[in-house]
Amino acid sequence: MLPMITGFMNYGQQTLRAARYIGQGFMITLSHTNRLPVTIQYPYEKLITSERFRGRIHFEFDKCIACEVCVRVCPIDLPVVDWKLETNIRKKRLLNYSIDFGICIFCGNCVEYCPTNCLSMTEEYEFSTYDRHELNYNQIALGRLPMSVIDDYTIRTILNSPQTKKG
């Protein structure tokens, strides 16, 4: 008879303990009802990024001196810098600059150590594509067009038109 009574007492204690734990969980749930939502409705609302957010890298072709510091400080040697040595002026001329954001770890070393500040981090974080090769950005996709305004075909056409030569 005594083991039966202790069994009922243990069962009762376990029941009370379970009810207390359920009540604690319910109280935590109720305490969250007055709080603001943590999630955002992504396509319709944009995430407000902090000042130091490391998003897509912006590149300014005109400022780059092809020193390749960005390649040396990158942990994965990611930026591809193609340049040509101009022998008459003994300077490097930048031909092509590209970064593959499918491989980039967004550490920011290239931006931090660039001597001419031609690289900067933007707030852009949407990189969704169906093909991973679309994540390889060249200098045109990274920033401004790498051609001077006078070399542009549209500008040359306008400058060579007879109407502009009259005025």
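Cβ coordinates are placed from backbone N, Cα and C, and glycine is handled just like the others.
These figures come from a predicted structure and were not determined experimentally.
Copied over from Swiss-Prot, here are the features:
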- 55-84: domain '4Fe-4S ferredoxin-type 1' (DOMAIN)
- CYS64, CYS67, CYS70, CYS114: [4Fe-4S] cluster 1 binding site (BINDING)
- CYS74, CYS104, CYS107, CYS110: [4Fe-4S] cluster 2 binding site (BINDING)
- 95-124: domain '4Fe-4S ferredoxin-type 2' (DOMAIN)
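CYS70 ([4Fe-4S] cluster 1 binding site) sits 12 Å from CYS104 ([4Fe-4S] cluster 2 binding site), taking the C-alpha atoms as the reference points.
Between the alpha carbons (Cα) of CYS74 ([4Fe-4S] cluster 2 binding site) and CYS114 ([4Fe-4S] cluster 1 binding site) lies a span of roughly 11 Å. Per-residue pLDDT, averaged across the domain '4Fe-4S ferredoxin-type 2' (95-124), gives 93. When the binding-site residues CYS104, CYS107, CYS110 are ranked by how far their Cα is from the Cα of CYS64 ([4Fe-4S] cluster 1 binding site), CYS110 comes first.
Take the mean position of the Cβ atoms of CYS74, CYS104, CYS107, CYS110, the recorded [4Fe-4S] cluster 2 site; other residues of that chain with a Cβ within 8 Å of it are ILE57, CYS70, VAL73, PRO75, ILE76, LEU78, PRO79, ILE99, ILE105, PHE106, GLY108, ASN109. When the domain '4Fe-4S ferredoxin-type 2' (95-124) is classified with DSSP, helix, strand and coil residues number 5 helix, 9 strand, 16 coil.
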